[in-house]
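Enquirer: Structure provided below as structure tokens; questions to follow.
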Amino acid sequence: MNDSPKKVLIYTDGACSGNPGSGGYGTVLIYNNHRKELSGGFRLTTNNRMEMMAAIVGLETLTIKCAVTLYTDSRYLVDAITKGWAKKWKANGWKRNAKENAKNPDLWEKLLDLCSQHEVDFVWVKGHAGHQENEYCDRLAVRASQQTNLPSDEVYENKGIET
């Protein structure tokens, strides 16, 4: 019996019309011959929040522990996870340093929790450089950001957090 986790590829991208502005995320999950596409958006948000939401939504879709390779063109996302910044910010009460709060603590909290449930390898890809799945996720994200009646990114809009 093979107890090794299922290997899943997750491709992500975020988009924002203005920063802040209306934003969207696009996510593609691939497992064997199965493909799932997810997208959504918010009426007022930031590009970094949409990059993070794309990863969060992809990981939230998984129902069992998986070995995930997550592709993103967001250095912010990759560096904060792979260089341990997000864990450090959390340990410091969501402070980057003595004078500066970490941005997007609500989403980092979710992402760190999801990463603890899976084996996640974050891989940076250059955006708009012909990477097929990244380009597709970009189209999903842009399309989502252009929808009418987008919901509120309540934490961003109502709590006035820095992003």
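Yeah, the Cβs are placed from backbone N, Cα and C, and that goes for glycine too.
What Swiss-Prot shows for this protein is this:
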type: DOMAIN; residues: 4-146; note: domain 'RNase H type-1'
type: BINDING; residues: Asp13, Glu51, Asp73; note: Mg(2+) 1 binding site
type: BINDING; residues: Asp13, Asp138; note: Mg(2+) 2 binding site
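How buried are these features, and what lies next to them?
Expert: Within the model, the domain 'RNase H type-1' (4-146) carries an average pLDDT of 96.
The Cβ of Glu51 (Mg(2+) 1 binding site) lies under 8 Å from the Cβ of Thr12, Asp13, Gly14, Tyr25, Thr72, Asp73, Ser74, Tyr76, Leu77, each of which sits 6+ residues away along the same chain. DSSP gives Glu51 (Mg(2+) 1 binding site) a helix state.
Following the DSSP three-state reduction, the secondary structure of Asp13 (Mg(2+) 1 binding site) is strand.
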Enquirer: I'd like to know which of the binding-site residues Asp13, Asp138 has the most other Cβ atoms within 10 Å of its Cβ.
Expert: Asp13
Enquirer: Whose Cβ lies within 8 Å of the mean position of the Cβ atoms of Asp13, Glu51, Asp73, the Mg(2+) 1 site, other than those residues?
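Expert: Near the Mg(2+) 1 site, beyond Asp13, Glu51, Asp73, sit Thr12, Gly14, Ala15, Met50, Ala54, Thr72, Ser74, Leu77, Gly127, Asn134, Cys137, Asp138, Ala141.
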Enquirer: Counting every protein chain present, what is the number of Cβ atoms, excluding its own, within 10 Å of the Cβ of Asp73 (Mg(2+) 1 binding site)?
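Expert: So the number of other Cβ atoms within 10 Å of Asp73 (Mg(2+) 1 binding site) is 22.
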Enquirer: Helix, strand or coil at Asp138 (Mg(2+) 2 binding site), per DSSP?
Expert: helix
